[in-house]
Every structure is written in C-alpha cells, then in structure tokens.
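Colleague: Okay, these came from TrEMBL:
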- 74-96: transmembrane segment (TRANSMEM)
- 74-501: domain 'Major facilitator superfamily (MFS) profile' (DOMAIN)
- 108-131: transmembrane segment (TRANSMEM)
- 143-164: transmembrane segment (TRANSMEM)
- 170-186: transmembrane segment (TRANSMEM)
- 198-219: transmembrane segment (TRANSMEM)
- 225-246: transmembrane segment (TRANSMEM)
- 300-320: transmembrane segment (TRANSMEM)
- 364-383: transmembrane segment (TRANSMEM)
- 390-407: transmembrane segment (TRANSMEM)
- 413-435: transmembrane segment (TRANSMEM)
- 447-467: transmembrane segment (TRANSMEM)
- 479-498: transmembrane segment (TRANSMEM)
- 507-536: region 'Disordered' (REGION)
- 525-536: compositional bias 'Polar residues' (COMPBIAS)
Amino acid sequence: VVKFRRTGESSRSDEDVISGEHEVQIEGVRTELEPVELEDGAAVPKEFANPTDDTFMVEDAVEAIGFGKFQWKLSVITGLAWASNAMEMMILSILAPQLHCEWRLPSWQVALLTSVVFVGMMSSSTLWGNISDQYGRKTGLKISVLWTLYYGILSGFAPVYSWILVLRGLVGFGIGGVPQSVTLYAEFLPMKARAKCILLIEVFWAIGTVFEVLLAVLVMPTLGWRWLLILSALPLLLFAVLCFWLPESARYDVLSGNQEKAIATLKRIATENGAPMPLGKLIISRQEDRGKMRDLFTPHFRWTTLLLWFIWFSNAFSYYGLVLLTTEFFQAGDVCSISSRRKEVKAKCSLTCEYLTEEDYTDLLWTTLSEFPGVLVTLWIIDRIGRKKTMALSFFVFSFCSLLLFLCVGRNVLTVLLFIARAFISGGFQAAYVYTPEVYPTATRALGLGTCSGMARVGALITPFIAQVMLESSVYLTLVVYSGCCLLAAVASCFLPIETKGRGLQESSHREWGQEMVGRGSHSPGVTRSNSGSQE
C-alpha cells in the first residue's frame, strides 16, 4: 500500500478531500516506501497514478505485462510457420533435378517451375496484407496457411508437368501470406524483446531448411518426390490446428473499435504471464480506414515506403542470387576459371539427367548452416547501433565481399567470402523484418509488410537472369551488378527518415512519431498517456 497526500484541487469526494490521504493497492511494489507529498499543481507520478482517472493504450498494456509464457508459446507457433515456409521453398531445389530426370524436362521448364512459385508469392503478398488489415491478422494468416496446405498436398498427385506448374504456383500464392505471422507476432511483443524475438525466428527458417534436406534424404530414395511433397506440407497442418489457439491482435481490435475483445485478449495474456493488468481504462484509438494503399504514400510515409521497397528488392535479389552463384563458383573451383570453363564446355543437351547425390545434400546443409552466424551478429548489433545502420552495414559487407571475388582467390578463401556474404545478407533480411512492422502504424502495418514482401519477390524473379544468364557472358559484370545494387541499398538504409530503435509500435497514422512511446516513462507534451502498471 502506497500512501501519498494530494494538495490543491481534486476530483475526489468530500470525505476523501477532508482526509487528504488516499491508498492505492499496487501489486508487485515493495511496501517499505515513505509517504510522498506533492507540491501544489504538481503532476502525480506514474507510480501513484489515480486508478479511477487513469487511462492506458495497448502499447502500455503490452509493456506492463511484459514477456512471459504467452510470448514463448507464440514464438514457437510463429517459428513453426516460418519453418513450414522454409520447407516449401527449400523443396524447389530438390524437386527440380528429380522432375528434370523423371519427366525429361528441358532446362527452361525446370527453371519455370521455380519461377512460378515466386510469381504466386509476388502477386499475393499485397492481397494478404490487405486482408490482414481489413479483416484481422489471424483471419488472413489462417486462410493463407490452409490455402498453402491444400495445394501443397494436391501437388503431390499432379499427373503431368502442366498440373504441377499450376499447383506450385498456387502454393506460392498461399506462401505470400505467411509473413503476416510476423505482423501478428510483433504486435504482442514488448519493445525491449521485439528485435531479438523477430530475429530469432530466422533460426526456425534454418531449422526448416535443414529438416527438409534430411527428409529428402530419407524419402526420395524409397517413396519418391510425391511423398516428399505431401510430407513437407504436414507442418502446415499442425500450424493450422494451433492457429485456433492464437488470439486476434489486440492492437487490431482496438483500431477496429472492438474494445471488449481487446481487453479480454490482454487479460488472457496477463493471466498466462502471471502479471497484473494496467490500472484504469483502455483508450479506444480513432477508428480509421484500414489496408488502404494510399496510406503508404502519405507525406509522412512516402519516402519510407519507396526506400523500403528498394531495400527489400535488393535483399531478395542479392540473397537468392548468392545462392545460385555459390553453386556456379564451387563447380568452377574459383572465379577466374569460370570464364575459361565456359569457353571449353561444348554445347550441352538440355535433357542431360543428373540426380542429386549425397554430396549435393551435404553441400545444401552447409549452405543453410552459414545463415546462423548472420543471425547472431545481427542479434548483437541491432539494438546497439539501430535498425537503419544494421541494414546498411549488412549491405556494405555483402558488397565488399562481392568485390573481393574479383581477385583470383583459392577455393578456401572463396568459401569464406561466400559464407560471410550470405551470413550478412540473411541478417540484413531479418533486420528489414524487424524494422518494417515497427515503422508502419497498426492500420497499414500488414499492408506495408505485404507490399515490401511483394517487392522482394520481384527481386527473386529477376536474379536468375543475372546469376545464370549474365554469368555466361561476364563473371565480373555479374559481380558488379550485385555489388552496386547492395551499395545503393546501403545508402537507401541510411536515408530512411525514421529510426525505430527504442520506440513503441505506432497505433494510429494520425499521430506523429514523436507522440508515440519512446521508452517507458517518456511523454510528449500535450499527450496524455498512462504507464500505470508498468514495471521498471
């Protein structure tokens, strides 16, 4: 019990005014506190906030409740979505050579089988973001997961090439909605834990790719590629079942005017975490149109949107380009021998059949494991130097390693440079996943992430023509394209107008960034905010 004396005017009853002393029960606060007397006209400290006059927003509640059992469960479920997504993407590199041999497909049809997935992802990313902003994050996520699950299993029964081409395109259409799990995840995380948690989700991506390779080693020699497609979709079934446990985002509920549901969700989280709810009344944010493309181009967000689109494009363009280049460089032994090898190799039949060997699967595993150092480095620096500088540093290191490939280095040095480049570009990708949900308000957060994801798919679509087609003509021109693109992306990262490090998620597009919570206990003039129930 904390006792304090209020002087001056008060809205209390006459009996309270006569006594002049009030008692407020605050859970989790030590009792050995001295009475505090306030000067006339002084503001009541947040520790002694009046519970009947106080108000709070969802951001305050999430910070006060903190990170606990609920967030741990949510981390595992979100991670499962990422692992399932990674498996559906990794299967492309395993399925292509198998169908190339079994159905005697020419090379361009094998390449088209990969490209059609990215076409589906690109065309649907904005749509899933719009659905998530209009009808809820949970709704959009469930529909996209069930869509991917259905067509993923169905593609295992494809009788001919045209069928599997269409079905894998529809799978890509569903995968475009999986990044919305990050939107839902971020809106339940307290500020201090948000960057680290979103970055650690990348670990599940790596786990998913490793699991897919191991599954292929076991299934392909005995059951074949059809069973591999079916079994690879089963983690999505598990996620679809667990989706029913997921609550809708409290931020979305408040923005859409559903205050009671938001309070019920916050109480559920507080109960699971064993933490008290903030005292006072939940403020309903101004209701506004949600999921409108024009909101991404308001004067406040126009430059942010354009720069982020280029940053996401460059991330996917460079990441998938490096994956393709790695195979080419390893087969040649070093960069300088690629050109001479191209001249020596005669015209090769496009129907030449080569199944994946055990050594190929081992190389796939090593390539995947190279992403773990990138996540750890990004995890260490993102809250120290900020989101913008982290992305800029990742692009710069990738560009620098690309330029070093101009030297005729040996196989060992080549491996080191490629792994460093992949580690940093994958870390930069995750930094973009941290920054993007933080910079957009709740009304357009899912749409903003969806459009950025769509631009990334454009980069993934274009990069095979650089890493494979242009490489046939000039190795050095190919490296200049990737290095130059990442240098521009590094500059774009530095020119982003908003740094989100240490800031709360923006609730409304009608509030300026300076009016949002900047750390706990910070206030902007003229804005009434509550921190009751917050724990320092």
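Using the three backbone atoms N, Cα and C, a Cβ is placed for every residue, glycine included.
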Colleague: For the domain 'Major facilitator superfamily (MFS) profile' (74-501), would you mind checking the mean pLDDT of the predicted model?
Modeller: 81
Colleague: Relative to the transmembrane segment (108-131), which of 170-186, 198-219, 479-498 accounts for the most Cβ pairs at distances under 8 Å?
Modeller: 170-186
Colleague: Should the transmembrane segment (198-219) and the transmembrane segment (300-320) be scored as in contact, given a threshold of at least 3 Cβ pairs under 8 Å and pairs 6 or more apart?
Modeller: no
